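Visitor: Quick one: the structure is below, and I'll ask about it shortly.
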Amino acid sequence: QVVNYAPFTLLPSAVPSALFEQAYAVQQDFNLLVDAISQNKEFLEHTLASTIKVDDFTARLFRIHTQVLEEGLAQSVFLGINRSDYMFDCGVDGTAALKQIEINTIAASFGGLTSRTAAVHGQVLKVLGKSKEASCLLPNNPSKGLALGIAKAWELYGSQSAVVMFLVEEVQRNIFDQRCVENELWNRNIRVIRKRFRDVFEKGSLDDAKRLYMDGQEVAVVYYREGYVPKNYDQQNWEARLLLERSRAVKCPDIATQLAGTKKVQQELSRPGTLERLLPGRAEAVARIRATFAGLYSLDVGEEGDKITAAAIADPNQFVLKPQREGGGNNLYGEELRQVLEKIRDSPERTSYILMDKINPQPAMNYLLRAHSPLQVSECISELGIFGVYVRQGKEMVMNKAAGHLLRTKAIEHADGGVAAGVAVLDTPYLV
């Protein structure tokens, strides 16, 4: 009743090595892009204008963003930990292509647990007499890479006695994943405290220099592992969030970087010329990023939005309908997509969603090991995530790297949802 093992596949899953390398090669470009968006108030304002009229959650985040900029940013060191997720789209001719599903800029999880899965799958292969195959599994330790970024931000903050604060949920199902990153920090003699929004509201304070204190301890870095969905907030929690954002502490992410991860921004990036404006003089980076985009469409009110809405209602199986939410389990497919679009087709509410081409990966057989679940072979599809870490001080990029990978696999009958949503399980790529 107290503790459960994280679900995982019995065997590692085949991943095309060329696409795996492509995903790693573009991660630093995505880090630069997210950082550029977070610093571009005009772009965020223009892109989210229609969304914040109909999506209260995004609107409240945006209001805090605006207020903090008007006061003047107290924060001078910026830390980004993101995860860019992909699927392998199987073309008509059978060739696979890397297509980005989304980029997570807040609370991107499983960097800790996935650091352990290669050893599990190596063990299984050895037991099956496949020691040669076991030796082909790549070592992978995102928790170390994520901790390196947090440690760098802590060091640049410049106070040896300051702590790193993990901001966590009231009920923490994913604690062991976080502990992996936390332990890496303790190993570097960096003190870590774990607090909830409620604790910040009750005990958090700023001094005249906007230094953040919790229980009398100065906080150098706030690492959000919550705060990405509306149910994470009541009025007190919104006030706590504002207090954190106004502080000098390094927020991971700061609110602008959280907004950079919205679906509406993702859709805007696919418009011709947008990447070039955000990353001037970086033609090669732009080409690498654009090569990963699936078709993305705006549902804004007007001719373009009307046309794509009609197309999706006519053929819902070609598309995915995505709201501005993180955390998995929110997307709509097929008949459900059609029903929702028919209901909101003439309402401004449709601008709180974007449409994306449905990606069609090639299924493979595997066993999904879950507590209290019957063991059966399932037709599965996988999603590859690459962790990115960057640290910027003022205008200077001090660190920019890919920090490891995550493979999640689910049975094909589950259209949407990740591990935390109870659908996908942890996996290890076997490069082919």
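For all residues, glycine too, the Cβ spot is worked out from N, Cα and C.
Quick paste of what TrEMBL says about this protein:
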- R83, 106-109, 172-174, Q178, 225-228, R408, 419-420: substrate binding site (BINDING)
- E102, N104, E326: Mg(2+) binding site (BINDING)
- E102, K263, 322-331, Y333, 356-359, E383, K410, D416: ATP binding site (BINDING)
- 162-260: domain 'Glutathione synthase substrate-binding' (DOMAIN)
Visitor: Quick one: Cα separation, E102 (Mg(2+) binding site) versus Q178 (substrate binding site), in Å?
Guide: 22
Visitor: Whole-number Å only: compute the distance from the Cα of E226 (substrate binding site) to the Cα of K410 (ATP binding site).
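Guide: Between the Cα atoms of E226 (substrate binding site) and K410 (ATP binding site), the distance comes to 24 Å.
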Visitor: Go through the binding-site residues N104, P323, Y333, K358, K410 and tell me which ones have a CA within 10 A of the CA of R83 (substrate binding site).
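Guide: So the list is N104.
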Visitor: To the nearest whole angstrom, what is the C-alpha distance linking R173 (substrate binding site) and P323 (ATP binding site)?
Guide: 24
Visitor: Tell me which of the binding-site residues P323, K358, K410 ends up closest to Y228 (substrate binding site) in space, Cα to Cα.
Guide: P323
Visitor: What does DSSP give as the helix, strand and coil breakdown of the domain 'Glutathione synthase substrate-binding' (162-260)?
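Guide: Counting residues by DSSP class gives 40 helix, 26 strand, 33 coil.
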Visitor: Pick from R173, K358, K410: which of these binding-site residues has the biggest number of other Cβ atoms within 10 Å of its Cβ?
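Guide: By the 10 Å Cβ neighbour count, K410 comes out on top.
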Visitor: Suppose we draw a 10 Å sphere around the Cβ of E226 (substrate binding site). How many other Cβ atoms does it contain, all chains included?
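Guide: Taking every protein chain into account, the count is 20.
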Visitor: Give, as a single whole number between 0 and 100, the mean pLDDT over the domain 'Glutathione synthase substrate-binding' (162-260).
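Guide: Average per-residue pLDDT within the domain 'Glutathione synthase substrate-binding' (162-260): 97.
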Visitor: Using the alpha carbons only, what distance in Å do you get between A107 (substrate binding site) and P323 (ATP binding site) once rounded?
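Guide: A Cα-Cα distance of 18 Å.
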Visitor: Determine, using Cα-Cα distances only, which of these binding-site residues is closest to K358 (ATP binding site): N104, S109, Q178.
Guide: N104
Visitor: Can you figure out which of P323, Y333, K410 (the binding-site residues) comes closest in space to S109 (substrate binding site), comparing Cα atoms?
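Guide: Of the binding-site residues P323, Y333, K410, K410 has its Cα closest to that of S109 (substrate binding site).
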Visitor: For Y228 (substrate binding site), just count the other CB atoms lying within 10 A of its CB, please.
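Guide: Within a 10 Å radius of the Cβ of Y228 (substrate binding site) lie 20 other Cβ atoms.
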Visitor: Measuring Cα to Cα, how far is P323 (ATP binding site) from N104 (Mg(2+) binding site) in Å?
Guide: 14
